[in-house]
Amino acid sequence: MSLTDILSPSDIAAALRDCQAPDSFSPKKFFQISGMSKKSRSQLKEIFRILDNDQSGFIEEDELKYFLQRFECGARVLTTSETKTFLAAADHDGDGKIGAEGINLFIHR
């Protein structure tokens with residue numbers, strides 16, 4: 001399964017266009033534009049599984065900086081500031097990584 005099986009390719013493209021400039025990435029805005037904020041918990045778990053590059057069950061800071069590239073291989077890498085802000089916002093238990101439930105809670109709040 002790929003992200004385009006769950007999200008519209010045109011919505012993904014629009015979300016990526018919106019944050020092309022360094023330090024312009026807003027997770028909440030990206031989730032809205034891409035359509036992720038309208039997906040069910042089970043669909044978000046599948047998206048999370050696809051985004052979890054090493055299949056560890058978590059998205060760590062090293063993986064998170066490549067978040068946009070999981071949607072399109074030519075997309076930019078998140079800046080250090082964007083990565084740390086995103087991680088801090090979605091890491092609900094403070095362990096330095098984001099689990100599937102953490103991303104669900106973050107997207108749906």
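Each Cβ is built from the backbone N, Cα and C atoms, and glycine gets one as well.
The domain 'EF-hand' annotation in TrEMBL covers 39-74. Per-residue pLDDT, averaged across the domain 'EF-hand' (39-74), gives 93.
Non-local contacts of ASP54 (Ca(2+) 1 binding site) by the CB criterion (under 8 A, 6+ apart in sequence, same chain) comprise GLU63. Taken from TrEMBL, the feature Ca(2+) 1 binding site covers ASP52, ASP54, SER56, PHE58, GLU63.
Among the features that TrEMBL reports, Ca(2+) 2 binding site is placed at ASP91, ASP93, ASP95, LYS97. Summarising the environment of ASP91 (Ca(2+) 2 binding site), the number of other Cβ atoms within 10 Å of its Cβ, over all protein chains shown, is 21.
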Quick note, SER56 (Ca(2+) 1 binding site) and ASP91 (Ca(2+) 2 binding site): C-alpha atoms separated, nearest Å, by 15
Most isolated by CB count within 10 A, of the binding-site residues ASP52, ASP95, is ASP95
